[in-house]
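This report concerns only the one structure given below.
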Amino acid sequence: VAGSHSTVYKDPMILVGPENLTLTVHQTAVLECIATGNPRPIVSWSRLDGRPIGVEGIQVLGTGNLMISDLTVQHSGIYVCAANKPGTRVRRTAQGSLVVQAPAEFVQHPQSISRPVGTTAIFTCVAQGEPPPQITWLRNGQILETSDHIKLKNNNSTLSIYGINQADEAIYQCLAENSAGSTQASARLTVLWADGLPSPPQSVRAETVSATTIQVSWEKPLQNTKEIIGYVLHIRKAADPVEMEYQEAVSKSTFQQLVTDLEPSTSYSFYIKAYTSRGASKASEVTVVSTLGEVPAMPSLFIKVINSTTVQATWEPSIKLGQHEGFKLYYRKVHLSQYTGPVLLASNITAYNITHLDASVVYEVKLLAYNQHGDGNSTVRFVSLRETVERTVLNPPCDCMKDEQNNKTSTTGIIIGIHIGVTCIIFCILFLMFGYRGRLLMCKNVQEQLSTPQIPRSQRSATGLVLNGATRRDRDDRDLNGKQLDMNELERLFPASPSQEQQEKGITSAHSLSAPHDETQISTLPLDEFSIIEEQPDPLPKNPHATSPAAPAPNQGSANEG
């Protein structure tokens, strides 16, 4: 459409990013960040390590440049410039590093000192800076060279001068420097020399007595010997630094000293000083001598039986006395005089297997260490393989597969047995529960059959039940569903023989005497032998031959169930 204005959106883009800068403290750093885009991006700054940039001395110039004034070492780091599109998360970043250096400066300056002749002087010089400065010592403006009595320690921050003399008196300078600058400090060493001090002891000699002992002898000084109160012997391994030196005091009348507890085949240096109440003399000449070598000490030996024909010898070399070059191993049967061996073994070997032995005898095993000075003392052990043979016979190898199968079978049988037992217990419990319930139901039915309703005598029926001869009143008409037994019909269907009739009459008469008709007796006999009798309401005249007044009439019939 003519006259319409179109808007072109552009993502942010950084045209100029921050450069890598290396500056010194107290300077000012400017980190550039020029970005473009539509709409105009928002420029922000951060540190890559996540630390806050801070606000003191921090200023944003124009649309994005970062200026840091009065730089310190803590300002060093990587700075990130971010150009953000407003209202979105679209952004572009650029980064640059800032390194702030600090010139060397002293934390501790060396101090001037005065020391008597023969003592030790120590100077300390500690400096800091970024990067850490290097320390160099000078003597009267010249680089100081180290020697046996001049040592530098702790990254050259400590200068030690042992056994000082007049030649050591000078100005000592400490120079600390790094890429940001340098600084220096100086101190003077004054050597005190008292008039009348003795001259150095003369003719110092050292003689080797043994592998661990050296005897040192000397002669008294040539000058000023009257005030001598004693001597001090300085001892040090030739390979050790001066600070590892140690001393032994000797009386003024003694001109020799036996130095013990030394190491074999080791070089030692010795010198002597004479002491007075005012100070020490200069050091005598240094003499160096070595102790004698010595054969190695006995190693620790252990024997282990491997099988009926093999034993293993293991050992640990002794750290005492002389060094060993190797080992010699011997073994023999105890009843023989000749050894088998020696078996030569290198110094780094500590185990050896002796094979093809006779299991029926006892063996002697001997081990010793040797070096260029000879063989050391041996360590002896005795070993018997007989017990191993007996154990092998008494405990033959087992058939592991068979035992495993047997164990599996036994375990399976145990599990099956447990399951069967649990099942049986469950069935027994169920059987007892249902059996008890059935018995309760049966007893209830029997009780219902045997129970007689308590009704008045006038309402009782004339019909009764005879249970094995016992008379029982029949239930009421409602229990018989209103039906009356037709005794004539029963007599017609089941005619009784004369003997049965006579027998029934006798039974009925007998029970009539013992139990009246209005009483009920419960029989304990089975219910299968019930007898049903119907009594007539109007009895016939009494028969003089009858045994019971309640005997039935001749035309009365009976029927037996079952």
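Using the three backbone atoms N, Cα and C, a Cβ is placed for every residue, glycine included.
Nobody curates TrEMBL annotations by hand; they come from automatic prediction.
Since we're looking at a predicted model, the values are computed, not measured.
According to TrEMBL, the protein carries these features:
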- 12-95: domain 'Ig-like' (DOMAIN)
- 103-190: domain 'Ig-like' (DOMAIN)
- 200-294: domain 'Fibronectin type-III' (DOMAIN)
- 295-391: domain 'Fibronectin type-III' (DOMAIN)
- 414-434: transmembrane segment (TRANSMEM)
- 451-462: compositional bias 'Polar residues' (COMPBIAS)
- 451-562: region 'Disordered' (REGION)
- 471-481: compositional bias 'Basic and acidic residues' (COMPBIAS)
- 497-512: compositional bias 'Polar residues' (COMPBIAS)
Composition by DSSP (helix, strand, coil) of residues within the domain 'Ig-like' (12-95): 3 helix, 44 strand, 37 coil
Segment-level pLDDT (mean, integer) for the domain 'Fibronectin type-III' (200-294): 90
Residue counts (helix, strand, coil, in that order) that DSSP gives for the domain 'Fibronectin type-III' (295-391): 6 helix, 54 strand, 37 coil
Structural state census, the domain 'Ig-like' (103-190) (DSSP three-state): 3 helix, 54 strand, 31 coil
Three-state composition of the domain 'Fibronectin type-III' (200-294), taking helix and strand from DSSP: 3 helix, 46 strand, 46 coil
